[in-house]
Amino acid sequence: MSARRRRRAAAEQEEEEKEEEEAGSDKEVDLEERLCELDLTSDSDVPDVPPPTDSTPEILKRALSGLSARWKNWWIRGILTLAMISGFFMIIYMGSFMLMLLVLSIQVKCYHEIITIGYRVYHSYDLPWFRSLSWYFLLCVNYFFYGETVADYFATFVQRREQLQFLIRYHRFISFALYLTGFCMFVLSLVKKHYRLQFYMFAWTHVTLLITVTQSHLVIQNLFEGMIWFLVPISSVICNDITAYIFGFFFGRTPLIKLSPKKTWEGFIGGFFSTVVFGFIFSYFLAQHQYFVCPVEYNSETNRFVTECEPSELFQMKKYSVPPLLQAVLGWETVNMYPFQMHSFALSTFASLIGPFGGFFASGFKRAFKIKDFADTIPGHGGIMDRFDCQYLMATFVHVYITSFIRGPNPSKLLKQLLILQPEQQLIVYKTLKSHLVEKGILQPSLRG
């Protein structure tokens, strides 16, 4: 009897273990199903954004009514592209200050387009203060960055106006206090059952600020180094966008990336070579004029931006030896060119090889929210952000490139900073500099010691 009981108990124990294993596997399956359901619901919770309306002028619609959709889009894009380029050159003619206003306007519009997508997607939740806080944070960040620019480049101008000295002296503290105010307002606006969504929107706003405001600030920093550092990179991206579209339109057969089905390898390669040649030639013409190569400085006496200087070595013609392999092809042993043209090769290469990834990133963003364009501001092109998605990557690269390979000590900026100091501090700097120059043998020691 004892042997039978032991066998029966062992059999019952095996059955219990099997049931526990099956129950555990069922729990794992249920957990996986729940996770999958969460993933699906997270996608399905995002409602479709209403498609943008067609903003093409009626005169263009009537003029192109007999063409196919493909060629109609070609002509609309082409006409509007020429109009935008013409307006851009007109603003360049109007000077640096107008270019800065243009950059600021583009920044605000790009920010508006991205924030509006978030507002449309989550409009049904009726989040409190979302739009107000978004614009408030934009003002705070712009106040910080442009205040830094004013303190850096217009120190002499600020020094002459007592009402501005307090703002500049405590600029960072004021900026931080303004941001903290917005942060506290966000915390007070949190509503039960919508916490997660509100934090999504908080992150959305800050990422948008990072993409738009920070990059536009770098664009203006590049402009102060000389208009050529602003025009060549921006024009290279525009050239790459246009030529890649042309090559892809006529010769495109091989898809480049799934995020942008219309992008082809033929357009990508054709855009690269076209952009490099364009950047080399365009920089040659710009390097001949002080208006484009001199750093942009503010003249406090005339209250105007000036671009007058003795061009640096980058913009002085030099003779270079042609590599032996190219001598047989070109028939030249030497060639005269500006050193900046070599740098333009690096800028054009980045604009055509890495710059398009900004566009791919934007394409992925639009696909995530099931929209074709960021807005319908420009017929045939979409929104402002659709045209400047590659420019922001370019602005960061140019700024890093200048600080890494070009920019050296700036005596004029250092002198402006010294003039802000108190007389006692200026005297200490003078004595220290004088003793240093005497030790170097550059100055003779005074007889009075």
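Cβ atoms are placed via backbone N, Cα and C, with glycine included.
Looking up the ranges 95-115, 200-220 in TrEMBL, the one annotated as transmembrane segment turns out to be 200-220. Below 8 A, the CB atoms of the transmembrane segment (226-252) and the transmembrane segment (129-146) form no more than two pairs separated by six or more positions in the chain, fewer than 3 in all. Between the transmembrane segment (200-220) and the listed ranges 74-93, 129-146, 264-287, the one holding the most Cβ pairs under 8 Å is 129-146.
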